[in-house]
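Report on one structure; see the data block that follows.
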Amino acid sequence: MAFGRSPLLLLSAVAVVFGVREFKIDFENDRFVKDGKPFQIISGSIHYYNVPYQYWEDRLRSMRDCGINTLQTYLEWRTLEPHEGVFDLTGQNDIVQYIKTAQNQDLLVNLRLGPYIDSEREMGGLPWWLMQVNPAMKLRTNDTDFVSYVARYWRKVFGLIKPLLYTNGGPIILVQIENEYGSYSACDFVYTSYLRELAIENLGEDVVYYTTDGNGDGFLKCGKNAGVYITIDFGSRESVDSAFAAQRRHQRHGPLVNSEYYTGWFNVWGIQHHKVPTDAVCHALDEMLSRNASVNLYMFHGGTHFGFDNGAQLSGDTFQLCITSYDYDAPLDEAGDPTDKYFAIKEIIRKYAPVPANNPSPKPKLSLGNVPLNKTAGFMGLLGALRMLNSLMPSKNPMSFEELNHPYGLVAYETTIPFQPANPAVLKVQAIRDRGYVFVDHQYQGMLSREVLINQVAIRARKGSTLTILVENQGRVCYGDGIKDIKGIIGEVNLGSKTLTRWFHYLIPDKAEGDEGYDMLTPFINDFRRQHADYSDLRDTEGFGVYQGTLTLNENDTPILLDTFVRLDGWVKGFIVVNGINLGRYWPAQGPQVTLYVPGVYLKYGANRITIVELEGAPASQSITFVDTPVIDGSVPTM
């Protein structure tokens, strides 16, 4: 849709007479027009991938009850096309159902196509396999390979969303092209123009396309896209006057739009929980709405980065990991319950638009007490089982996760030292991404870490010793120029002055069930243990271990499967799987997140299978506790 000053009121009147649905920009009067009438967008962000699909309707209804008239959501490429050429558009990824659910709740939809989305997600929502098919690919540019994969993906989703456009009877009124592109150094207008034309070719010209960027000339210079409406983002700490003045310098006419008005902020491990005062959020919201600006509350409900979905931040050499919770200090908390901020925002909206009489109530939670677990595998037993299965991949030099076709989780790198090293000798890796645990003959020697800039450790070894480095991918960078974040051991590994070669790779399971899960490995682990009766790695809880147990629920004691939270006091760092669903990473001592959210829809009556993969050490009790109160603002290490 080409943008310029054009009178729309006459056309709108004609459209209404003939019953044609339309959503346009009235440049003459600086406003949106919906079916011939001025329309102010008051929207909220809820991302389908952060909320169990069984809860979509509940969360969207609660948002509508606050007076919100539009849902804003990204589409995430990496989960919709998890492997190259393989699409998953069902269940949690059923974007059509999500959009229809919003429409059923009387919400319009603002759809953010990407392909890059940030959202504090792994690799900013881009699929990891892009770096596998072409390691030289230049992301978010007119690179031939990149745009060809984008085009295939977009054409797949275009076929699904076109019938859902407002003009076709659906709820979609806005479509965003790219995302905060002005914050990326490429500044490739050929690329962004191609995206615009691809969208128009498939969705048509009668769509309001837009961009979102920071409220500064430096961001807007490269973020804008000819013929696409320019919007900005900012939070309550910034001047409304100054922010919208920046939009006006680049978009002289049309509605004022804050596409990301921050109700809170995301958290990273080791840094205090972020909170944004309700009074400040409401004051700036009131000011924007009083100017007839359209505003999107980012986030209205953040939800959870389940599994290994969290992203990471990289600034210079500072690498920080987003926590599992995406609570965001939002109006609806991580479990979907209304906060004081929710009700305060509703009172502000009431001044400018009708609001429903209904109010959501906090939902009760389950407190289920302690659940004992048993250590079923240590590091040596796990590697032994994988060796029995011939699950090794040899190469001269260490291979990346991408080269190994192992996108997330853990890989163990192993080699035999072919010479007599000094004692101790310095083991040095060119780059570790992201955390490495070093073992010699299965004895722990030390840690390598991208976070704290440790890429060498002194070890004691001899000729013929087995050197093993267990590497954790802690989440790919989601923002800025570092999003091309290849994982694993990058480059050479040196012991003293000599380079170590002939590496074997163990792909550590990241699930409990299925052909590649820990349950399948159990008989092989037991076989290995019987063959090595003189050694047991189950005797203590130090270091790496797989722990498993069962939570039994019955309808008499638990008539409703409500949400709960799991505390892992005494556990150090790892991830937890319940009934085959990865709840995400835990790291309570690092804080601020202490509990993990367990949706009731992930539980069942009878035996609930629990698997924990602990990287550094479990408590002597080997137990976890299910509680009814979350803790995401726990203590963090002092600097």
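Each Cβ is built from the backbone N, Cα and C atoms, and glycine gets one as well.
Listed in TrEMBL for this protein:
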ACT_SITE  Glu180  active site, proton donor
ACT_SITE  Glu260  active site, nucleophile
DOMAIN    32-351  domain 'Glycoside hydrolase 35 catalytic'
DOMAIN    398-507  domain 'Beta-galactosidase 1-like first all-beta'
DOMAIN    546-608  domain 'Beta-galactosidase galactose-binding'
SIGNAL    1-19  signal peptide
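Sorting the active-site residues Glu180, Glu260 by the number of other Cβ atoms within 10 Å puts Glu260 first. In three-state terms derived from DSSP, Glu260 (active site, nucleophile) belongs to an extended strand segment. Annotation note: the residue listed as 'active site, proton donor' sits in a coil segment as assigned by DSSP. For the pair formed by Glu180 (active site, proton donor) and Glu260 (active site, nucleophile), distance between Cα atoms is given as 11 Å, rounded to the nearest Å.
Within the domain 'Beta-galactosidase galactose-binding' (546-608), the DSSP-based counts of helix, strand and coil residues read 3 helix, 30 strand, 30 coil. In the domain 'Beta-galactosidase 1-like first all-beta' (398-507), the DSSP tally of helix, strand and coil residues is 3 helix, 59 strand, 48 coil.
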